[in-house]
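Q: Pasting a structure here, questions to come.
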Amino acid sequence: MADQRVNDNAVTGGPQNTSIEDFDPPKKPKTSKFAIACALLACTTSVLLGYDIGVMSGASLFIKENLKISDVQVEILAGTLNIYSLLGSAFAGRTSDWIGRKYTIVLAGVIFLVGALLMGFATNYAFLMFGRFVAGVGVGYGMMIAPVYTAEISPASFRGFLTSFPEVFVNVGILLGYIANYAFSKLPLHLGWRFMLGVGGVPAIFLTVGVLFMPESPRWLVMQGRLGDAKKVLQRTSESKEECQLRLDDIKEAAGIPLHLNDDIVQVTKRSHGEGVWKELILHPTPAVRHILIAAVGIHIFEQASGIDTVVLYSPRIFEKAGITSSNHKLLATVAVGFTKTVFILVATFFLDKFGRRPLLLTSVGGMIFSLMFLGVGLTIVDHHKGSVPWAVGLCMAMVYFNVAFFSIGLGPITWVYSSEIFPLKLRAQGVSIGVACNRVTSGIVSMTFISLYKAITIGGAFFLYAGISAAAWMFFYTMLPETQGRTLEDMEVLFGKYFRWRKANAMLKERKQVDGDDNNNAQVC
């Protein structure tokens, strides 16, 4: 806006009223505390998934003993939540386009609360699986909508920081689940695991109530033609008035609304509720959309295929295989896994917008390859020695902690940041839902096959396999994923579409930005 006034004066030759303040250095934009608060609350949905993963790692030990179920039934119990969440993530895209991002988050909390209560009061394996199904649907809704809402309400300058919050809260939930395992493990056998699972409904209650005080996503509001409401939200979540107007204009352009229309409510196309999206996303995508979809699906599949859920979900078994026999020691070592993940994910949130997505992602996956290889080595050594091998036990424990640490500084948070920021506006909700669905299917397959896999190829061999998959992931990320740091959400269709030649598009965007900057400087000199 200020640049526009300068241009107007330069053209008209009008007087330029200046004061001492005009010569002061420009003020640094202030971070929107309101945007951070909204992102924090929305991402609380991810606590639900994290808690369920973490608590099941210990609860399954007691459930197996109390309900007399087999290892196969334990695998199914642990992994099917990811499959059930497919229903939630599949419906969440269309639901969020229909009723809005805000009320979809509320719906996620309510469904998970019901599921947690059903699991807590389960009297047999079938009842427990039904509660698991309901909770899984709620998790699917929450996993899809939290990153979408956060990306749409965040300014570009610290979008990476805010959209990494879902993964932060997953790790917080995992840590809380581990702590609940240890805290309730002293209760009678038939009560301990029920408390572990039922307490998961507590954060769902706080989430459902708190979200009612959040604003709706400005991008969804624009899609409904509610420009007045969208501008109010943008004013509270932008760093300056100029940025607010720029974001509003970008969203209007992406939604197909002429820039000259500034009424509070305008007429929009009939596709404002997500109709026709699948045709543009799957059947007849542009080269850019096809590249975006491949990148989003690829990063979600590789995140889970690297075996992170086996480390988190079965860490007590891994420590047992490494030579730790005491139940208390296994649970305490598992709490340390949750603590390590939480600490390193917090570190990652502050580096995403400083160093970019690619450097952290490639470093993260490289570290995971290293840790998985040596975890496989350590477990193989322990497996082939009848007596205790203290140094190999120490190596296994260290590599478990290294693995979750490297995962948390890159692949964990960036998967959700990246996939939520690259889709065009009208395809975003349902595009992200496809990525989340692939994520949950892969996680379910990995979780439900781990015990059978390590019985077939040894536990060391299982981690050698995950190391190989991680190496393939590194190559995919290096060749196919462009850097998106600092790009507006509306830049993505230019950046994508060149596949492994994406650097040409990146150079073009940089050149365009430099030319625009030179034009503004020339206008100010005039």
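Using the three backbone atoms N, Cα and C, a Cβ is placed for every residue, glycine included.
According to TrEMBL, the feature region 'Disordered' maps to 1-26. For 7-20, the entry in TrEMBL reads compositional bias 'Polar residues'. TrEMBL lists 34-56, 76-93, 105-123, 129-149, 161-180, 192-214, 331-352, 358-382, 389-418, 456-477 with the feature transmembrane segment. For 38-485, the entry in TrEMBL reads domain 'Major facilitator superfamily (MFS) profile'.
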Q: Which of 129-149, 331-352, 456-477 shares the most C-beta pairs under 8 angstroms with the transmembrane segment (192-214)?
A: 129-149
Q: Taking a Cβ cut-off under 8 Å, which residues six or more beyond the ends of the transmembrane segment (331-352) line up next to it in the same chain?
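A: Residues packing against the transmembrane segment (331-352) from afar: 54, 57-58, 160-161, 164-165, 167-168, 171-172, 174-179, 181-182, 185, 311-312, 315-316, 319, 324, 360, 397, 400-401, 404-410, 412-414, 417, 485.
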Q: Does the transmembrane segment (105-123) come close to the transmembrane segment (161-180), meaning at least 3 CB pairs under 8 Å for residues 6 or more apart?
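A: No, these stretches are not in contact.
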Q: Contact between the transmembrane segment (76-93) and the transmembrane segment (358-382) is defined here as three or more C-beta pairs under 8 Å separated by at least 6 residues; is that satisfied?
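A: Judged by the Cβ rule, the two regions do not touch, with the required three close pairs absent.
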Q: For the domain 'Major facilitator superfamily (MFS) profile' (38-485), provide the mean pLDDT of the predicted model.
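A: Summarising the domain 'Major facilitator superfamily (MFS) profile' (38-485) by its mean pLDDT gives 85.
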Q: Would the transmembrane segment (34-56) count as touching the transmembrane segment (389-418), if touching means at least three Cβ pairs under 8 Å and pairs must be 6 or more apart in sequence?
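A: Judged by the Cβ rule, the two regions do not touch, with the required three close pairs absent.
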